[in-house]
Amino acid sequence: MVSLRLPPTPTIRDIIKLYRLSAIKQLSQNFLMNEALTDKIVKSVGKIYNSQVLEVGPGPGGITRSILKKNPKKLIVVEKDQRFRPILDLMESIVSASDVDMTLIYNDIMSINTKDVFSFKDKKEWNDECPNIFIVGNLPFSISTALIIKWLHAISKQKEAWSHGRVRMTLTFQKEVAERLVADVMGNQRCRLSVMAQTWTLPKLQFIIPGSAFVPKPDVDVGVVSFVPLKTPRTNHDFLFFEKVNRHLFSFRQKYCIKCAGTLFPMDRRKQLSTTMFKLAKINPGIRSFQLTVEEINRLVSAYKYLCEKHPEIVSYDYRASKKIVSKKLTKSISVQDFTEN
Ligand code: SAM
């Protein structure tokens, strides 16, 4: 493999000084200056030589440089903050003399259809090996949970980037969120996010980066998590339907999960329907939600679906509304805040 040799460029630290790029808090800007660390992140992505890579939030370009050193065929970067334009444009013009095709997109990653940024030349069927297409990013904390939920949803539908096959991702999260994503049954951090991530992908915590490695230093450490979409998801249910039951199951950590599931049903039939749900799913009602495997949760979702078909009036039952709590988006879209609460 030939490594791309960029002409000598100022260090990321110098670039930030030169362009007077003070970090913007609203964009969760915490920059990585340490080349050994950006190289380590890129190494954990996989074999990116001759592949297509999408980088989210390149900022001053530390990870971008490490990616370019590995000679991908195509690199697409999506950056919301226009202040990085001169640096990234310069990088692109240097790279244009090489074989790497670099595309800069100055936009919000949340509004980009990741299907269109990749060439279909590397497309694989879902059941084939993973395509030579990768997504990587030192994500802004402010959008990391919303983005992974959006992308898990896209994976479940094999849409966006995942219309090219089982595209792998390597992304950063606050350490606590990273631990939730990979938390196993019985684990302290086991929550809805763990179940959603593990139902459609195999998430792996690659390593932790101490907060002190970033400029400015965030209050928390950071976890690098890789995700490989599963050939066969651990449920056949629709993402939003599965998420709804999951959300109820994890609504109260300390209560028995049958109590939590009860909130799916109107008060007057709560006891009877939740008992039936647990009987149908063959789940011991005396356990707590963090003790449930994905397969057990899937059985509970199937049981709830059966009850919805038998009693269609319960589908629209809204526990929060019944509690007079204003909630605009219960079933149609997912509240990110909910994911961060449990
Ligand atoms: N990759 C750089 C590094 O590791 O030093 C910067 C990482 S910094 C944590 C997050 C980057 O994402 C910033 O450059 C920020 O401007 C950018 N960003 C924030 N929100 C974004 C969004 N919605 N879409 C695209 N980029 C975003």
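Backbone N, Cα and C define each Cβ position, glycine as well.
Here the Cβ of LEU32 (S-adenosyl-L-methionine binding site) has 21 other Cβ atoms within 10 Å, regardless of which shown protein chain they belong to. Annotation source TrEMBL lists S-adenosyl-L-methionine binding site at ASN30, LEU32, GLY57, GLU79, ASP108, ASN138.
According to TrEMBL, the feature domain 'Ribosomal RNA adenine methylase transferase N-terminal' maps to 37-231.
Around GLU79 (S-adenosyl-L-methionine binding site), a 10 Å sphere centred on its CB holds 25 further CB atoms from the protein chains shown.
In this entry, S-adenosyl-L-methionine is bound by ASN30, LEU32, GLY57, GLU79, ASP108, ASN138, whose most widely separated C-alpha atoms sit 21 angstrom apart.
Counting other C-beta atoms within 10 Å of each candidate's C-beta, the binding-site residues ASN30, ASN138 are led by ASN138.
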